[in-house]
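Feature annotations, courtesy of TrEMBL:
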COMPBIAS  1-10  compositional bias 'Acidic residues'
DOMAIN    2-96  domain 'CCR4-Not complex component Not N-terminal'
REGION    1-26  region 'Disordered'
Amino acid sequence: MQVDQFESEVESLSVQTRKKKGDKEKQDRIDELKRLIERHRYHIRMLETILRMLDNDSIPVDAIQKIKDDVEYYIDSCQDPDFEENEFLYDDLDLDDIRERALKIHSEDAFLSSGAKSSPYGLSPAVLF
């Protein structure tokens with residue numbers, strides 16, 4: 001919802017800025033909104049990945065409980081002037097390791113479908129995503 005609001009404001013400010021060339025304050029606001037949109041989309045992608053992993057039992061609920069407060073803080077306070085984002089929010093979940101395993105499994109699954117019998121992990125990419 002915030003992303004939609006930000007995009008709407010960017011569009012409105014862009015139209016106003018085109019009419020009045022050189023409005024530095026509006027251009028700064030547009031840049032800030034674009035940065036916020038990018039950050040929101042990043043968090044949305046990460047949370048969607050976590051949700052899929054949770055649905056597929058490839059991540060324990062306890063691990064997600066650890067980041068809950070930080071996610072809620074981001075949602076509630078990301079527009080505050082003194083907000084400081086936790087850049088390491090998802091690091092404890094080892095999402096990169098899981099993605100790497102999924103890519104390896106996907107390539108092995110392609111190999112299996114060409115005639116091999118089993119995966120060393122016993123999983124398919126559908127289990128992870």
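Each Cβ is built from the backbone N, Cα and C atoms, and glycine gets one as well.
Computed from a predicted structure; not experimentally measured.
Listed as Cβ neighbours of the compositional bias 'Acidic residues' (1-10) (distance under 8 Å, sequence separation of 6 or more from its ends, same chain) are residues 29-30, 33-34, 36-37, 40-41, 44.
In terms of DSSP secondary structure, the domain 'CCR4-Not complex component Not N-terminal' (2-96) contains 72 helix, 0 strand, 23 coil.
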